[in-house]
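K.L.:
There's a structure below that I have some questions on.
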Amino acid sequence: MAGEQSTEPRAAPEMANGAPLEPLPGPEQRSAMGPPYSDLRESDEDRPAEAVGSVSGSRNALQPLPGEDDEEPFTTYFDSKIPIPDDETHSCFSFRKLWAFTGPGFLMSIAYLDPGNIESDLQSGAVAGFKLLWVLLLATVIGLLLQRLAARLGVVTGLHLAEVCHRQYRTVPRIILWLMVELAIIGSDMQEVIGSAIAINLLSVGKIPLWGGVLITIADTFVFLFLDKYGLRKLEAFFGFLITIMALTFGYEYVTVRPDQKQLLRGLFVPECRGCGTPQLEQAVGIVGAVIMPHNMYLHSALVKSRQVNRSNPREVRDANKYFFAESCIALFVSFIINVFVVSVFAEAFYGKTNADVHEVCANASSAHAALFPSDNATLEVDIYKGGAVLGCYFGPAALYIWAIGILAAGQSSTMTGTYSGQFVMEGFLNLRWSRFARVLLTRSIAITPTLFVAIFQDVEHLTGMNDFLNVLMSLQLPFALIPVLTFTSLPSVMNDFANGLFWKIGGGAVILLVCSINMYFVVAYVMALNHVGLYVGAAILSVIYLACANTALGVTALRRV
């Protein structure tokens, strides 16, 4: 990889003002755990200006401030750190080391399996058949490259993305950036909680209303979030269990429907979409928007801090980068296969079907869900709830309940990781020193309150429009995660020898420009589909405000000049 050839820390480069950056401190100056957590926690107002790490200052962002304590004042996910075993017999690649690093990537991959992604998958299959599988593959590969940048930032600096933003941005841009990321987390969490509530509604045969499912999800999320008190590895094993449930349940649907393998492979590896129109194009854009989540950059950069890495040793840092990338590849491959299961099921069984076709089958099966589908010739439109109903009509009640179990696992796991994202973001940007319970309560309340209102005033059969709106909301927040992570991983003052090389700077910038452009198209298409002049005017005003916030938060002048 570019920027990883040297095995020893090189001399610090000189900045434009002639002040040299200080080299990485040696082992006698640093603990084996990397820079102390308290390096970030001290508020900027209380620090002398010369002690603040910045892009233009002479102090390296990795270096602890003089006189600071090496103890972490409080933690969330990191009550303990996983030690990495020495394996001298396998110098190139060690499966023992890979196992020690396994965990963060799988927790990160859950964002690729949340109910919003599942709904995008089933709509893709129903609208375009197998034709957009290659878009899903491309989006997953792009997501992997972006997650690599986020993981490297956490490994090399010992700080996650929100913490680095706290150090490197001025106060006003930092607050704007935090608000934008919080909006993305709220939008994602609403999809996840409502997905869990829909699954509970299906499993209870409609006896538990949507708002009841939301309350149940809130309660059990609080319970599951404290599993890490029993050990970090047990928590990671629990998330692995939930991913296994998703693989088995959606795999069952795949085996039951038996999609055409030839069409599946063609859809995966032949990048074309013959006969596609605007609905298929919008669906392709929606796939990219659903897969690449802004808050996931913040999450992954924090999760990698859970491994014990001596950041004063370039070889250990290089090993950590390698094994975390290998683990991310495996985790996203598993999530990709599960997404393919969902797309293929609905592509094989329901592509080209009309409402009348489904209504007739449901009526003949004496299904209570027949009324969901009017007896007309309009193309079938499905969401998570209707998708389960359709599977039940065509393949029996077992298919419906197994589908609901898979959705519940997806919603519950992604809700928990979303809560961790909220904690990391709030702690990093706002420098909080609250108790763990207070932080969990606050971050959950911010996301759950609007979700509960939606559940009370909206019935379970009419949530597709809200899911589209939330996808648009998260698409708008994407630059506020992607641009900072590329910026910081490209700065030698932050990453030292591990800064991005020219290839990653150009390639990363091109990928981020592509992803943001695709998402902007998705936003414009959504607004145009509203077909109301007043809404156009409102969208234009909001666009001006949004661009002003983006310029303030992401502009070059937002970086500190100390």
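Each Cβ is built from the backbone N, Cα and C atoms, and glycine gets one as well.
Just lifted these from TrEMBL, have a look:
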type	residues	note
REGION	1-76	region 'Disordered'
COMPBIAS	39-49	compositional bias 'Basic and acidic residues'
TRANSMEM	125-146	transmembrane segment
TRANSMEM	208-226	transmembrane segment
TRANSMEM	238-255	transmembrane segment
TRANSMEM	324-347	transmembrane segment
TRANSMEM	389-410	transmembrane segment
TRANSMEM	437-457	transmembrane segment
TRANSMEM	469-491	transmembrane segment
TRANSMEM	503-529	transmembrane segment
TRANSMEM	535-559	transmembrane segment
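Map the listed features onto the structure and describe their local environment.
P.N.:
Sequence-distant contacts of the transmembrane segment (125-146) (same chain, at least 6 residues past either end, Cβ-Cβ under 8 Å): 112, 259-260, 263-264, 266-274, 276, 279-280, 283-284, 287-288, 291-292, 297, 328-329, 332, 335-336, 339-340, 342-348, 350-353, 379-382, 482, 485, 507-508, 511-512, 514-515.
Within its own chain, the transmembrane segment (208-226) has Cβ neighbours under 8 Å at 193-194, 196-201, 238, 411-412, 415-416, 419, 440, 444, 448, 451-452, 455-456, 458-460, counting only residues six or more beyond its boundaries.
Note on the transmembrane segment (238-255): residues 106-107, 109-110, 113, 224, 227, 334-335, 337-338, 341-342, 344-345, 391, 395, 399, 402-403, 405-406, 409-410, 412-413, 416-417 of its chain, located 6 or more positions outside it, place their CB under 8 angstroms from a CB of the stretch.
Long-range contacts of the transmembrane segment (437-457) within the same chain: residues 76, 182, 185-186, 189-190, 193-194, 197, 209-211, 213-215, 218, 221-222, 225, 418-419, 422-423, 426-427, 466, each at least 6 residues beyond the stretch ends and with a Cβ under 8 Å from a Cβ of the stretch.
Sequence-distant neighbours of the transmembrane segment (469-491) (same chain, 6+ residues past either end, Cβ-Cβ under 8 Å): 55, 116, 120, 146, 149-150, 152-153, 161, 164-165, 168, 177, 180-181, 183-184, 187-188, 190-191, 286, 289-290, 292-298, 301, 499-500, 504-505, 508-509, 512, 515-516, 519-520, 522-523, 526, 546, 550, 553-554.
Proximity of distant same-chain residues to the transmembrane segment (503-529), defined by a Cβ-Cβ separation under 8 Å and at least 6 residues beyond the stretch ends, is recorded for 1-3, 142, 145-146, 149, 282, 285-286, 288-289, 292, 468-469, 471-472, 475-476, 478-479, 482-483, 486, 489-490, 535-536, 539.
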